[in-house]
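Features reported for this protein in TrEMBL:
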COMPBIAS  54-75  compositional bias 'Gly residues'
COMPBIAS  255-271  compositional bias 'Gly residues'
DOMAIN    164-244  domain 'PDZ'
REGION    42-85  region 'Disordered'
REGION    253-279  region 'Disordered'
Amino acid sequence: MGEKRLKAPGQVLSPLSALQISRVRPRFSLLMPLGLGRRKKAPPLVENEEAEPGRGGLGVGEPGPLGGGGAGGPHMGLPPPPPALRPRLVFHTQLAHGSPTGRIEGFTNVKELYGKIAEAFRLPAAEVMFCTLNTHKVDMDKLLGGQIGLEDFIFAHVKGQRKEVEVFKSEEALGLTITDNGAGYAFIKRIKEGSVIDHIQLISVGDMIEAINGQSLLGCRHYEVARLLKELPRGRTFTLKLTEPRKAFDMIGVRSGGGRPGSGPQLGTGRGTLRLRSRGPATVEDVPSAFEEKAIEKVDDLLESYMGIRDTELAATMVELGKDKRNPDELAEALDERLGDFAFPDEFVFDVWGAIGDAKVLTSWISRCPGGVTPCILGVWSVFVGPVLDHSGVSG
């Protein structure tokens, strides 16, 4: 049979197909490293190819370590199967400024992912700045971090115009939130409205910070860049060397404000995720629980307020370390052991402990609400708030 063709590059699953895929739960061990299937490897770049159901997801129909009983099935005590029998995950990708659709597989961390994208599009790996999921726009709320949905579509943003900007530091806070791509590039994730940087139109969300006052920052983590910016003396002028992501024609002249999540459509709907780790193999996991999502969001907000960075992977690691700890001292000990390079202050650790505890209480309360959170809120209002307002003569 002939291969299916898309009407336009980048088209993905229909809502009905995506809904069907989302019901499938990953069946792979969380400790199982990724590998390749036995099929003949597809060409790295495929023009106008449809992201077919199951292709980027759970490897249905392919040989795997959990399949089959009988003589050929797995037995307790035997070593794990060779890489050729492990599940094969294929993701579809495009360059954000426009390109044919490529297929990538066989990566275990963000740096390898960028290498696979560069190989597919015949680019130097250093040209890939960062990736967004399910949108070609420079949307920092869709930034690829430590997790990829099994049906997410990856858009790669590559280096564009370089620029050098002089900034007068009139206030202690510049209004920048810094993140990094996990492979040595730090860039601007958010610009605070009304801040020093907000008044400089040449600086935009998504710009990579190459150097400050001639000091190269390539290879630095986001917290190191944020610290350097914070330590710059007030009342002095400094120079930023920046590189902006290459823009498509329909995006030229548009300055993104970063900010809060938008309401645009989401293309990916896979319920499983591929967790990319800086240390150790990538793993296929279920989507984060309601508690984990809320706790990660709160901890990420704390990272921004204390350190001027946003990093969902770091926040997820901190939640993972703290969710079973009994007190702040145990959390501090775990953070020092795993993330000692950050040198988190005691007050920050205490706030992280509080954020994790608050998320536990909130999600536990919501889970016990019959019919969901909205009826519970209305019930609390009718029992406690409503009578007080009526008694005081204030209408709701």
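Every residue number used here counts from 1 along the chain in the order it is shown.
For all residues, glycine too, the Cβ spot is worked out from N, Cα and C.
TrEMBL does not curate its annotations; it predicts them automatically.
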Exercise. Average the pLDDT scores across the domain 'PDZ' (164-244) and report the rounded value.
Key: 92
Exercise. Could you give me the DSSP helix, strand and coil counts for the domain 'PDZ' (164-244)?
Key: 13 helix, 31 strand, 37 coil
